[in-house]
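Heads up: the structure comes next, in structure tokens.
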């Protein structure tokens, strides 16, 4: 039994007078020693919640797959212009932005490395959920997430080799290829089942999609809350990392959108590319950081992936809110214009209808 020993000197009189001298949760209190159980709350919580979140994520990706048309999905694979633009954003814009932010804020070498690791990670699955809510191209979103995770096997080592030279030896960074592989499998299998369900039972797929989108929104918030609980003791880090964690996702969203628009993609695909660019796989970044650095080094930058995760979610929700307001205003304006046109048509046609017995000339149409 794992326990630690707290040596406390007690005499018979003090024990008799003060029964609370020995901690209430002590498993053994005899003589001069109290044995207390080790506090492994975080470890247990991490295992339980990781299992729950993994299952929920698989269900969410299954539901997202229910919105994918197999023909359109294969069309993106055969004509991968949108995927290529996303690739440039994911492994071009993001690592370069991380590099420039690290230089601009002159952070410590170890902190610069964790910022670069975040910039080199593939897109996160949360982007698929947000893309659905902003009426993005789900076929493109799913294909981009899949391709970026697959290409991360080669692009992450390359980007880290190029950008981390001035701070550290890239060989010192341990890339968990097994975690990347698991992420890929956890993405592809549920999505494949979802695509099959959508192909065979479209009506049932719509119901699954609605439920999954709600569960996905809950999952995103729950992930942020869980991170705050697990790493509550690691929030004291450099203010520079807080600033970078705020600017970085916002830059990813903005630059991804503009590059997609310059490349000639439609508006709903621009929104999709923007989300896929700004939303990174922060869980993968945390895994790499834990595998690569000592506990002393982790104290300087361990919370950065969580900070990025919080702000990428915050900005994504702002994008979602802004889009919903725009859509509501646009629909309202369009409806008002149509009603006005109908009134004008009825006014202009009524005199002619009386005079010409219902005939309307070409000039008044």
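Including glycine, each Cβ sits where the backbone N, Cα and C put it.
According to TrEMBL, the protein carries these features:
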- 45-63: transmembrane segment (TRANSMEM)
- 83-105: transmembrane segment (TRANSMEM)
- 112-134: transmembrane segment (TRANSMEM)
- 140-163: transmembrane segment (TRANSMEM)
- 175-196: transmembrane segment (TRANSMEM)
- 208-230: transmembrane segment (TRANSMEM)
- 242-263: transmembrane segment (TRANSMEM)
- 306-326: transmembrane segment (TRANSMEM)
- 336-365: region 'Disordered' (REGION)
- 336-347: compositional bias 'Basic and acidic residues' (COMPBIAS)
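Listed stretches 83-105, 112-134, 140-163, 242-263, 306-326 were compared with the transmembrane segment (175-196); the greatest number of C-beta pairs under 8 angstroms is found for 140-163.
For the transmembrane segment (140-163), the most Cβ-contacting stretch among 83-105, 112-134, 242-263, 306-326 is 112-134 (pairs under 8 Å). Recorded stretches compared: 112-134, 242-263, 306-326; the one with the most Cβ pairs under 8 Å to the transmembrane segment (83-105) is 242-263. Packing against the transmembrane segment (242-263) from elsewhere in the chain are residues 81-82, 85-86, 88-89, 93-94, 97-98, 101-102, 105, 107, 115, 118-119, 269-280, 304, 307-308, 310-312, 315-316, 319: each is 6 or more residues past its ends and has a CB under 8 Å from a CB in it.
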